[in-house]
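Participant: Please see the structure below; I have some questions.
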Amino acid sequence: LRLSNGTGPCSGTVEVKHEEQWGTVCDGDWTIEDAEVVCKQLKCGSAVHALNRAPFGEGTGPTWLYRLDCRGDEPALWNCTHPGWGVFTCPHYFDVGVICSGFSVLRLTGGDTACSGNLKVKQEETWATVCFSQINFKTASVICNELECGQAVDILRGTHFGNRQELTWQEEFHCVGNETQLAHCPRILHHTNTCSHDATVVCSG
């Protein structure tokens, strides 16, 4: 299982390899529960959007799966109820895609309280540092709310990043401010590795 043509490994067209050939999944009532299985299987956090009609462009190869009916807790996409492999040939116009949160948890570390500190997000098994330039005050509000830490008070330039061998998060967050989780905020991918300071978030809680 993989996602292709997205902004990173955690968004894109859903592709499945069967009989040594990559193919796609055809929309037959593609739901957020179906997308949830994909995101969990790829260790990409939780599903944010289940998309149909080739949102990342049309795929290639056979349409391997169609009319998946997942509960959301299956270990792999092909463990969901479906009529069989390659039983229905579908135009690639109907390929499905997903956008996953890309991270499973967030936390504030190194602060004076549990409600302040450097913002880190967990990507698979590793914690990634979020840069000061990647968030704004509305994003901080969503973070404080999600952590049950009251209101956002401030965003500060954290420690100078320098050449530390830490994983840095690659996307800018653009929250509206009313999202319940950081995972649901719109994001823009940045291919630059320049991170001058990490982001320190201070909440009122």
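Just so it is clear, glycine is given a Cβ too, placed from its N, Cα and C backbone atoms.
The domain 'SRCR' feature in TrEMBL is assigned to 1-101, 106-204. For C26-C90, C39-C100, C70-C80, C131-C195, C175-C185, the entry in TrEMBL reads disulfide bond.
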Participant: Judged by the number of other CB atoms within 10 angstroms, which among C70, C90, C100 is the least packed of the disulfide-bonded residues?
Facilitator: C90
Participant: Radius 10 Å, atoms counted are CB only; among the disulfide-bonded residues C39, C131, which position scores highest?
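Facilitator: Going through C39, C131 one by one, the largest Cβ count within 10 Å is at C39.
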Participant: Tell me the Cβ neighbour count for C195 (disulfide bond), meaning other Cβ atoms within 10 Å of its Cβ, over all protein chains shown.
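Facilitator: Around C195 (disulfide bond), other Cβ atoms within 10 Å: 22.
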Participant: Go through C26, C80, C175, C185, our disulfide-bonded residues, and report the one whose Cβ sees the most other Cβ atoms within 10 Å.
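Facilitator: Of the disulfide-bonded residues C26, C80, C175, C185, the most buried by Cβ count within 10 Å is C26.
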Participant: Quick one: of the disulfide-bonded residues C80, C90, C195, which has its CA closest to the CA of C185 (disulfide bond)?
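Facilitator: With Cα distances computed to C185 (disulfide bond), the winner among C80, C90, C195 is C195.
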Participant: Cα-Cα separation of C80 (disulfide bond) and C100 (disulfide bond), in Å?
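Facilitator: Pair distance, Cα basis, whole Å: 18 Å.
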Participant: How many Å separate the Cα atoms of C39 (disulfide bond) and C70 (disulfide bond)?
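Facilitator: About 13 Å separates the two Cα atoms.
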